[in-house]
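Chemist: Here it is, the structure, as structure tokens.
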Amino acid sequence: MKGAATLCIVGLLILGANTHRPACPYKNSKKLIRNENINRLSNNVRPTFYDLVLNLDFDVKDPKITGKVEITIDVDSDLTPNNTLHLHSNVTFPELKAIWNRNNGNDTLITCNIKPISSDDITIECPESIIGKNQSVTLNFIATLQQDDMHGAYLVKYQEEDIQKLMIATQFEEEGARRVFPCFDEPHFKAPIQLTLVSKNFSSAEWMANTESESDIFDSTTGVYTTIFKPTPPMSTYLLAFVATQDFTIHYRTLTPSYTYSIFIRKTAEGYWDTAINAGYQVLNLMNNYLNISYKSLGNSKLSLAAIPEFSAGAMENWGLITFRESLLIDEGEGTTRRDIQSIVSVVAHELTHQWFGDYVTLDWWSETWLNEGFAEYFEYYLTDHILNDTEMSYQLVVKEQQDALKVDAYPNSIPLSNKAENVATKADLSTEFGTISYSKGASIIKLINYLLGDDAFHNALSKYLTAFKYSNPTAVNLTHYLQSSYNGTVNLEIVLNEWINASGYPLVTVTVNENNTISISTRKFSSSLNQTGEDLTSKWWIPLTYTTSDKPNFDNNEVTWIDPELLSSFHTQLPANNESWIIVNLQAHGFYRVDYDDTLWDRIIHVLNTAPQTISVLNRAQLLDDVFNIARSMETTDSKQKDLYLRAFNLANYLKNETEYHPWYTFFVEMQYLLDRIQDEDAITALKSKIKEIISSQVEIPSLSGSTNSSRNIDVLKQNLLLTWACKVGHVECLQWADDQFAVYQNLPSYFDNNFRDVVLCSRFATTKFASNDYEYLVSRLNSSILPLEQNDIAKALSCLPDDDVVSKLFNLTLQDNIQFSRMTFNTIANGLLSQGKSKIIATLKYIAKYYENINKKWKGVGSADQLVVTIGSKSSSKDIIDVLKEEFLSNSSFKDNDTLITAVKAAVGSITENMLWVDKYGETLSSVIIYGDDTTSTSTTTSTEPTPTTTSQSPETTTESGSMRIINSDLLWVTLYVLAIKIFFNYHEIN
């Protein structure tokens, strides 16, 4: 599964909505989960086949579907008690009776009693023993079509050309199948499922399931359509899916070897599918060749991609019927941005990878979710890199996944990749498994393993692993066995990978040089805990050490030195005998660890970055930035030393004035957003924005009207978008003027407008004081009239950029209107956008929630409840003022005193804010001092003498600068300004006349 109910806070808040990473209660943000225990089923009973019939006719006022399931079961002789079956079920029964069929014979039927034991479980008690193979049990049931929760089977209401349409969609991972039919709803219970759909409301042409239709029947006397689908391969219940709707279209693509490949999409979006369907075709071919296991040989002759108008998950890997949020499948034709092409391709790659890793071979229990999601995340980048070869996705994996995982895994409450099964015993535990560790750390460790084995051995190991465990449930122990069998290195991978897989955290490698230029290392566990007293910081990891030195720098050196944690003192290497020689450890960031250097080595590295940055590889430049800032914000030390650490970090970042690659900039802006989110001193915030503006100005390129990005590399377009986002955000004058002018082009000459910068232009234009109400009405009109979810996303984010606090009520009122034309998913985009705009918007949001709590939950509970918004606010706030508002508006409000869910959310938010405030208390004053005053002693350091003269950013667009490239850009900008002015005059003239 890729993503979840809210937009990814990392993409939206840190990088100014520069990415469409799906996402986030599962990945990177806190989610409000009831801490209920999970009742596991006995392994003495196993399903071998499901025959499931669902009648999809329902009353809109009380939507329910009726069904019947016959489960064929093997029951071991040691089942105790031997007459009772335990099943997962969150449905109701017209009568509490089940029919047990001994050995599937017609003369051995037994009537058994159904006893609900919780909201998720039932027991079936029979009058005699049920032990034996080839048993079956039949149950009739009624399932609720969810309306305020997009799990299980749920009802989707969407607008199509001003007409409300209905759809039934499903989302069964992790525990949704039991909401639709009684079953063995755990991943290790795999069995074929034969689904039959029956309805008067929908025809056979209007529904899809995991497999192809086996037979379609229409009864003309009753008007009932019946479709019997082919049995699925043996699979977990969470992978079952079906979709039923009206006015959708199916586009087929013939593939060789022949099997059915199609895309299922609403009719108004017909034709906007090329990116997804072409990507799927290429992914299938790449995976077939990579693993030597074709999709068809997995056991399913059908594969469909379905775009769901309202879908809380980003995408879901149901075997043969992959469901997507519309914005991750529907493109914009020729107007699709590079960012969105990359996003669609990568999510398609992620979900198709799951057909092998997750569907064909499935984790045993959610405690090893990384065996599904880690591989899907890794191949998401690998496959997209091969399909879009100008994206540098293998590099993006490092800065977007590995660096994110390094941050999360540094806290003492982090979880290991392979958790103990007993540690995933509640719904909250289960939700935690679908987070950064399973996805991002999983992908990072798999990347490391690929590096250690080499491509051919890695391919071979995975192919053998998949073949050995087809239709079954291996563990990480099984995986490492096959990795070791293909490894030709000097260590036993099953031993050296043990700590990386089965323990949380990772090491910090500290590199020291002595007076003879001899290098030695030491290690400890890296921790970002605010109080490390009593924490075990002993490093227990075998470290795959790679390095290069200044005498013969080779960042592609594949020689790995394994460092036994018991033999650290045995490692030494020699640098050239001069005062400028340096060493870089962890080449290309292959290893999952941080590196610190002593003062001497840091000074030498900063010197080379400022004098010849290309000497160090781009990934190591990004990793140096990530390490230096995270070490500064995580070390327990004196205020004086803390100041030195942040001074070093900003001194190193000064080299970015000469940085031309995307990846170090991405890392830098992640760190800057972290600081902006936590600094409370307004003078320090202003000073930090000025510092950012000084660093980025020489690299900001203002696009000209005629400057098409068609010939540019994808990664360069992403870099330009990222720099423009931040330039406008910190007040770069030319950027703001460009955004203002481009908005007029967007309105009046859309064919001349480059959508690659639409998100920047719209947000930056609306964040200025030049806002006009007619512009607001124009965007709202575009939001309602657009049929393309990607454009809707950018418009919704732009509306949240409005500077006035009263925009909060304006936008929430907009989302609460009846018969809105945009998807309910847009609510999350607007809400999270508002929460990214600072303290005053957050306070205004809380006051609105308190006033209209019931309205929000009634309208939006399925996609963004008021309670979840409160939790999200807490996770990204660090101000006592917000705690005061939470207490005043909710805890002291008598109307909420009996609302346990809301009070729990508020208390969780207060706890999160209090935790964030501890960081501010510890580091805030020192950090503010560094940002505002710096350190005069740095003027004599080796790093400042080589800094380029910063480009002035306060000049008017037509003023030439000291930079030749900027002179050309500003010349273009002059013509853009004049051209747009002419456009404005022309349209104003015709409007008047």
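Cβ coordinates come from backbone N, Cα and C, glycine included.
Automatic, uncurated: that is what TrEMBL annotation is.
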Chemist: Pick from Glu310, Glu326, Glu373, Glu392: which one does TrEMBL list with His350, His354 for the same Zn(2+) site?
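Modeler: The candidate from Glu310, Glu326, Glu373, Glu392 that TrEMBL ties to Zn(2+) along with His350, His354 is Glu373.
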Chemist: Looking at Cβ-Cβ distances, which residues of the chain lie under 8 angstroms from His350 (Zn(2+) binding site) while being 6 or more apart from it?
Modeler: Lys2, Ala315, Ala376, Glu377, Phe379, Glu380
Chemist: Take the C-alpha atoms of His354 (Zn(2+) binding site) and Tyr439 (site 'Transition state stabilizer') and report the distance between them in angstrom, rounded.
Modeler: 13
Chemist: Near the Zn(2+) site, what residues other than His350, His354, Glu373 in the same chain have a C-beta no further than 8 Å from the centroid of the listed C-beta atoms?
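Modeler: Other same-chain residues with Cβ inside the cutoff are Met1, Lys2, Glu317, Glu351, Thr353, Phe357, Gly358, Asn372, Phe375, Ala376, Glu377, Phe379, Glu380.
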Chemist: Run through the Cβ atoms and count how many others sit within 10 Å of the one on Glu373 (Zn(2+) binding site).
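Modeler: Total other Cβ atoms inside 10 Å, all chains included: 30.
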Chemist: Distance between Glu373 (Zn(2+) binding site) and Tyr439 (site 'Transition state stabilizer') at the Cα atoms, whole Å?
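Modeler: Between the alpha carbons of Glu373 (Zn(2+) binding site) and Tyr439 (site 'Transition state stabilizer') there are 5 Å.
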Chemist: Pick the one among the recorded positions His354, Tyr439 whose Cβ has the fewest other Cβ atoms within 10 Å in this structure.
Modeler: His354
Chemist: Can you work out the mean pLDDT of the predicted model over the domain 'Aminopeptidase N-like N-terminal' (47-239)?
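Modeler: 93, rounded to a whole number.
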